Amino acid sequence: MAEQQLGVLKALDVAKTQLYHFTAIVIAGMGFFTDAYDLFCVSLVTKLLGRIYYFNPESAKPGSLPPHVAAAVNGVALCGTLSGQLFFGWLGDKLGRKKVYGLTLVMMILCSVASGLSFGHEAKGVMTTLCFFRFWLGFGIGGDYPLSATIMSEYANKKTRGAFIAAVFAMQGVGILAGGFVALAVSSIFDKKFPAPTYAVNRALSTPPQVDYIWRIIVMFGALPAALTYYWRMKMPETARYTALVAKNIKQATADMSKVLQTDLELEERVEDDVKDPRQNYGLFSKEFLRRHGLHLLGTTSTWFLLDIAFYSQNLFQKDIFSAIGWIPKAATMNATHEVFRIARAQTLIALCSTVPGYWFTVAFIDIIGRFVIQLMGFFMMTVFMFAIAFPYNHWIQPDNRIGFVIMYSLTFFFANFGPNATTFIVPAEIFPARLRSTCHGISAAAGKAGAIIGAFGFLYAAQSQDKAKVDAGYPPGIGVKNSLIVLGVLNFIGMLFTFLVPEPKGKSLEELSGEAEVSHDEK
């Protein structure tokens, strides 16, 4: 079967790791850096937005975003991302990876900047413009998922393909850290320049007018790294697999890759007909696709969906967990700037200790132990740690056991990233045929974002206390944090079962995995 593979694609598969591989990782990774930065930095500034725009001088607590506004600010970018994944995934297969890739980046840069600008000073105007631009920011970010993964998998050699795609994904961790560092730096500078009393001492002065710039600077900064890589993104040639297998132009693919690999590749005439074989032209909704890849698509969508319910419900409510364990003092004992600093410090510590190492463990081990083992182990360990936190939950929130709680929480995240959070991104870029690869990755990623929306919104309500007196303002009573964690543990276990539908792509060429080398071989 493998001998039917095109020479130009074979050359890519066996190419030694070279500078262009690392260039591709940086170019694709910077998009992901911005993705993660933009999606997660908003959780650093939501408390500040509440203090500035929903200040009530009569209240003993600082202002906070009403539930529907908090849900909109947190969730609107996720809705945009879901739409973008489906639309740009499809477009990447129709027009080519490269053409669409520049478009998503421009959207991300413009909307990042625009979400820091707002019309008017009133809460309604500010929140409306923030949500509007964050939706379109999410739309651009959504396009980056299928395109970055597909471009990296189509450029990589088969021996280290997993590590390369994982390295692009690991830039998410760097983006989350950068969000934390930018917030720490900006809040420190503002604290020095504009000192303010705590809320308990003076309610009005605890939020000086200048702090309105803090959230804007943090939100807009995400545009910078993306803008820096635009030039290189535009210089990248179209991937050989798209040019040869989808656009059917082997001559162009060979010329492009000769430049990239810096060797002379011979043009094959005899394979033109093989590439144009009608039996390889089945569509996404055909019986042939269902027979070959139906279960694979079910596997990639379901596992990503289940993982993101757990992943996003945890991530967006870190600050509440930190408050519960005492890392962040009561809001009234801080001024607005200190609160941003404390939340950013706590998130950055968690990212440094658990999130970021998990990503790089995946990079190191994925081509040794394979995607399947990492995903299965990750789901299993997440189930174990969720249950270990949930069942003795009242034990963990005692002041003496806080460090244990943070360790358990960190381990859950470590195994999400050295586990399904990375593999669900990598595998859909490897197992589908070239002309449907970007679309199928987009569908899988969109299923993940649907899970993220459930995680972010559903658990905002579910995690509320069962005791009416203890619920946050504006929310109905929920099932409590303990029961929410039990539900998440069960979802992770189901994710482990669905992992069995996904094949192991380690060490195989993309054409072998997708069956694109088959038809011609049968006819010879």
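Start at 1 and count along the chain as shown; that gives each residue its number.
Cβ coordinates come from backbone N, Cα and C, glycine included.
Curation does not apply to TrEMBL; its annotations are automatic.
Values in this document were obtained by computation on a predicted structure and should not be read as measured data.
What TrEMBL says about this protein:
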type     : residues : note
TRANSMEM : 20-45    : transmembrane segment
DOMAIN   : 24-507   : domain 'Major facilitator superfamily (MFS) profile'
TRANSMEM : 65-88    : transmembrane segment
TRANSMEM : 100-119  : transmembrane segment
TRANSMEM : 163-190  : transmembrane segment
TRANSMEM : 213-232  : transmembrane segment
TRANSMEM : 348-366  : transmembrane segment
TRANSMEM : 372-391  : transmembrane segment
TRANSMEM : 403-422  : transmembrane segment
TRANSMEM : 442-463  : transmembrane segment
TRANSMEM : 484-502  : transmembrane segment
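A contact links the transmembrane segment (442-463) to the transmembrane segment (65-88), because at least 3 Cβ pairs that are 6 or more residues apart lie under 8 A. Contact count against the transmembrane segment (372-391) (Cβ pairs under 8 Å) is highest for 403-422, out of 65-88, 163-190, 213-232, 403-422. Of the candidate ranges 65-88, 100-119, 163-190, 403-422, 484-502, 163-190 contributes the most Cβ pairs within a distance under 8 Å of the transmembrane segment (20-45). With respect to Cβ pairs under 8 Å, the transmembrane segment (213-232) is most closely packed against 100-119, considering the stretches 100-119, 163-190, 348-366, 484-502. Proximity of distant same-chain residues to the transmembrane segment (484-502), defined by a Cβ-Cβ separation under 8 Å and at least 6 residues beyond the stretch ends, is recorded for 295-296, 298-300, 302-303, 306-307, 309-310, 313-314, 371-372, 375-376, 379-380, 382-383, 386-387, 389-391, 393, 420, 427, 431, 459, 462-463, 478. Within the same chain, residues 166, 169-170, 173, 303-304, 307, 310-311, 314, 321, 325, 327, 350, 353-359, 361-362, 365-366, 374-375, 377-379, 381-382, 385-386, 388-389, 396-397, 495, 499 sit at least 6 positions outside the transmembrane segment (403-422) and bring their C-beta atoms closer than 8 Å to a C-beta of that stretch.
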